[in-house]
Amino acid sequence: MTTALEPEDQKGLLIIKAEDHYWGQDSSSQKCSPHRRELYRQHFRKLCYQDAPGPREALTQLWELCRQWLRPECHTKEQILDLLVLEQFLSILPKDLQAWVRAHHPETGEEAVTVLEDLERELDEPGKQVPGNSERRDILMDKLAPLGRPYESLTVQLHPKKTQLEQEAGKPQRNGDKTRTKNEELFQKEDMPKDKEFLGEINDRLNKDTPQHPKSKDIIENEGRSEWQQRERRRYKCDECGKSFSHSSDLSKHRRTHTGEKPYKCDECGKAFIQRSHLIGHHRVHTGVKPYKCKECGKDFSGRTGLIQHQRIHTGEKPYECDECGRPFRVSSALIRHQRIHTANKLY
């Protein structure tokens, strides 16, 4: 189903064209920026057949938009495949989760999954459907608030429910006549190369990334699968300590332990944090929000750690044990204070 370009979308593409004219053709890093690629992707998906003078012009426009989105001169075959998979993955997410993930600007499918896994951990319901009670809705509303959009319905699932095509099934097709004139003027301003030239250019660039080997198809597929699996296990390595990670986002967080970088800063008091989840927990100190409730006595807590420590009062659990005398404690701080007794005795 095709949809006509909205006025806001046309404005975004016009901005891109103006920037290209201003900066010239040698600014490849700017052209490969995630923001610009996302705008081209949106226009590639939303281009309506009625907006083009004819079938060849429509195909040419699609080739140009697709090339600007996937940037074969900047990306390998694997990276282009990842961009396509990332787009489809985002499209099958519920709208609330889709907006949440897009706000973090993931560049790969793995980064998108990491954003969702972080959200699962913060909601303390990993791998399960988030309950629709008011308490959970308030928590998620706080997380979605920075997006600056109204979210009236927050029945969120962390697993796929309906694809975008299923959600749009049965809806009448929109008429693109209103935007046809604007789009014709927009694309006629540029001299678009012929579609055959696009095809040859992209094929040449893609084939250049993968050398040909005189091996059988089965051997190549098996070797490629084995190398891919090994790369996926530990493909991101820290240059400082040699520790490896499966996801680039985990490596980025780890590097901050070496650099001391704390990019997440509290607007209220200025305190900085290494991870975004730590800042979210800290914000509750200022807002007074206590989303964690003890089922035994009903006491509320601002953080999950405080609730866990409190619940040990009811269960009698004392997981922290002194190595010197074997005495157990409910919280680690009590164990640390106790260990000073042994340290003082040794000194005297």
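Each position is counted from 1, following the chain as shown.
A Cβ is built for glycine as well, from the same backbone N, Cα and C atoms used for every other residue.
Feature zinc finger, per Swiss-Prot, maps to range 320-342 of the set 67-89, 136-158, 320-342. The stretch that Swiss-Prot tags with zinc finger, taken from the ranges 213-235, 236-258, is 236-258. For the zinc finger (292-314), the predicted model reports an average pLDDT of 87.
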